[in-house]
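Here's the structure we're looking at; comments come further down.
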C-alpha cells in the first residue's frame with residue numbers, strides 16, 4: 001500500500017512539473033513576440049532623435065497657430081464657426097463609430113438625431129407655432145439633464161474604480177473602468193451636441209418672434225405682460241406664487257416665464273436679456289447652490305467642444321505635414 005501511495009505522489013509531482021513546463025512554453029512565444037516587436041521599434045527609430053524633435057516642434061506650432069486662427073474665426077464670423085463646429089461635432093464621432101463597430105452608440109446617435117432634426121425643423125418654421133418654444137426647450141432641457149446625470153455617474157464609476165471600490169461588488173477593474181468611461185463619454189458628447197443645437201434653435205425662435213435680434217434692434221415692442229422668449233402672455237405677477245410656473249424679473253426689469261428664461265440662459269447658452277441684451281446675473285438667478293453646478297457643467301462642455309470637434313482635424317493636419325516632409 002505504501003508503494004502505491006508513493007507512486008501516486010510521484011506521478012502527481014511529475015504532472016505538476018509537466019504542467020508548469022507547458023505553461024512556460026505557452027507564455028514564452030508571447031513574451032518573445034513583445035520583445036521582438038519592442039526591439040524592432042527601437043531599431044527602426046534609432047538615430048531619429050532630431051527627426052522626433054522636429055515632429056514635436058511641428059505639433060506645438062500647429063496647435064498654437066490653429067488655436068489663434070480658431071479664435072479669430074470665432075470672433076469675426078461666429079455664425080459660420082458655430083455651424084462648422086456643430087457639423088464636425090455631429091459627424092466626426094460617427095466616423096469612428098462605424099469604423100470601430102460601436103453599434104450601441106450608433107443606435108443612440110440615430111435616435112437623438114431623428115428627434116433633434118424634428119425639433120430643429122419646428123423651431124425654424126415661419127410663422128412659428130405657439131407651442132414650439134416650449135417643445136424645443138423641454139426636449140433640450142431633458143437631454144441636458146440626462147447627459148448631466150450620465151456624466152456624473154460615469155465620473156463616479158471611474159473614481160470608484162481608481163479607489164478599488166469595484167472589488168466590493170466583485171466587478172473586474174477593466175469592466176468597471178469601461179462602464180465609467182463609456183457613460184462619461186455619452187454624457188459629455190451629447191451634452192455638447194444638444195447645447196449647440198439648442199443655441200441655434202433659440203436664435204431662430206427669438207428672431208422669428210421679433211423681440212430679439214442678433215443685431216440688437218428688435219422688430220417688436222415688448223409689453224410688460226408678454227414673455228420675450230416664447231411670445232406668450234404672462235398671467236402670474238412677479239410677487240405671486242404660480243401654480244404651474246412662476247414669473248421672473250431680470251435686473252433690467254423685463255419679466256419672463258421662469259421656465260423660458262432658465263432655458264434661454266442654461267440650454268440656449270445666453271447670458272443677456274432676450275430683449276435689451278443687458279447681461280444677466282446668473283449668480284442672482286440661480287441662488288440655490290444645487291442649481292449652480294448646471295452652469296459650471298455648461299462651461300465644461302464649452303471647453304470640451306474644442307477637443308472633440310477640432311483636435312482630430314489638427315492631428316490629421318500634423319500627420320499630413322509630417323508625411324509631406326518625410327518625417328516618421
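Just so you know, glycine gets a Cβ as well, placed from its N, Cα and C.
These features come from TrEMBL:
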- 227-277: domain 'RING-type' (DOMAIN)
- 55-73: transmembrane segment (TRANSMEM)
- 80-96: transmembrane segment (TRANSMEM)
- 102-121: transmembrane segment (TRANSMEM)
- 142-164: transmembrane segment (TRANSMEM)
- 176-193: transmembrane segment (TRANSMEM)
- 303-325: transmembrane segment (TRANSMEM)
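Most Cβ pairs under 8 Å with the transmembrane segment (303-325) belong to 55-73, among the candidate stretches 55-73, 80-96, 142-164, 176-193. Sequence-distant contacts of the transmembrane segment (102-121) (same chain, six or more residues past either end, CB-CB distance under 8 Å): 90, 93-94, 96, 135-136, 139-140, 143, 186, 190, 193-194, 197, 200-201.
In this model, the domain 'RING-type' (227-277) carries an average pLDDT of 73.
Only residues 6 or more beyond the boundaries of the transmembrane segment (80-96), in the same chain, are considered here, and those with a CB under 8 A from a CB of the stretch are 70, 73-74, 102, 105-106, 109, 113, 189, 192-193, 196-197, 199-200, 305, 308-310, 312-313.
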